[in-house]
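Data first, discussion second: the structure below is written as structure tokens.
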Amino acid sequence: MNRREKIWDCMYPLIVVLGCMLSASVVVLLIAELVTGVTDPVRLVEEKEELSACVAILAYLAVLIFQRRSFKVDEMRFGKDKCCFTVRQCVLTGLALTFAGHAYSILLDLSGVTEFFHYYEETGASLQGQNVLLLILMSVVIGPAAEEVTFRGMMYRRMRSHIGKPMAVLLSSLIFGLYHGNMVQFLYTMPVGILLALVYEKSGSLKLTIAVHMALNLWAILGESLYSLIFKGGKAGLLSGDLLYLVVDLAVLTAIGAVFAATEHAYRKKF
């Protein structure tokens, strides 16, 4: 392949995603206009908050359908996934990344960076108004599967074949961050993308990265509410709110690290 062909090869999966997003937006808005009689798209989106989730769900379903053939071709190019992690390693890796991602998002909030980007606050407010079932279907079920197939299963592997592992990890994660559309999400999703790419590289399992991505998004939606229930309104001694949740996340990460080290030591001693 020449340079232009390599660029097209790497970027094609993203182009499919963007095309599906655009097409889904047009289809959903046209249907909504016919049903409601409202012809102003901006007003329609403001009045019907669930439309954005419907667009994303339809788009991600289309991505999974349209990427399927190319993904099968990539399996012939690069080989089928074969997980080299044990069940224990998969579970501990998933838990570690879930709590690490949540802790990092809290650090971003505590740093004050979210206050500089008002669009992020507006996006967060719109998500809070979403139907919970639609939000979970979009963010926890279909979204992670479509994004992992695209960014790790296809883009990362194609980039790895052209520019090597380190640059493929960084570049695919950079694009993954930019894809999410605002600075705060970029600051969160690029490091998460790097971790997911490394997990995929080490484990050889796209199913694991999909599961981890699902867990990350689920905990982002439900984690704070569960913490509030456990700690009676988000307070424990001198700690409260985000600071309390951060301490809990770090404590859980420490426990996971200890369990991993102990089980690895026992496994090596046994064999």
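Cβ atoms are placed via backbone N, Cα and C, with glycine included.
Predicted automatically and left uncurated, TrEMBL annotations should be read as such.
Counted with DSSP, the domain 'CAAX prenyl protease 2/Lysostaphin resistance protein A-like' (131-218) comes out as 81 helix, 0 strand, 7 coil. Among the features that TrEMBL reports, domain 'CAAX prenyl protease 2/Lysostaphin resistance protein A-like' is placed at 131-218.
Feature annotation from TrEMBL assigns transmembrane segment to 12-38 (among others).
The transmembrane segment annotation in TrEMBL covers 50-66 (among others).
Sequence-distant neighbours of the transmembrane segment (87-107) (same chain, 6+ residues past either end, Cβ-Cβ under 8 Å): 188, 191-192, 195-196, 199, 203, 205, 208, 211-212, 215-216, 219-220, 223, 242, 245-246, 249-250, 252-253, 256-257, 259-260, 263. What TrEMBL lists as transmembrane segment is 87-107 (among others).
TrEMBL lists 127-146 (among others) with the feature transmembrane segment.
Same-chain neighbours of the transmembrane segment (167-188): 14, 17, 101, 104-105, 108, 113-114, 117, 119-120, 123, 147, 151-152, 155-157, 159-160, 194, 196-198, 201, counting only residues six or more beyond its ends whose CB sits under 8 Å from a CB of the stretch. TrEMBL lists 167-188 (among others) with the feature transmembrane segment.
Positions annotated as transmembrane segment by TrEMBL: 208-231 (among others).
Annotation comment: TrEMBL describes 243-262 (among others) as transmembrane segment.
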Candidates 12-38, 50-66, 127-146, 243-262; stretch with most C-beta pairs under 8 Å toward the transmembrane segment (208-231): 127-146
Arithmetic mean of per-residue pLDDT over the domain 'CAAX prenyl protease 2/Lysostaphin resistance protein A-like' (131-218): 95
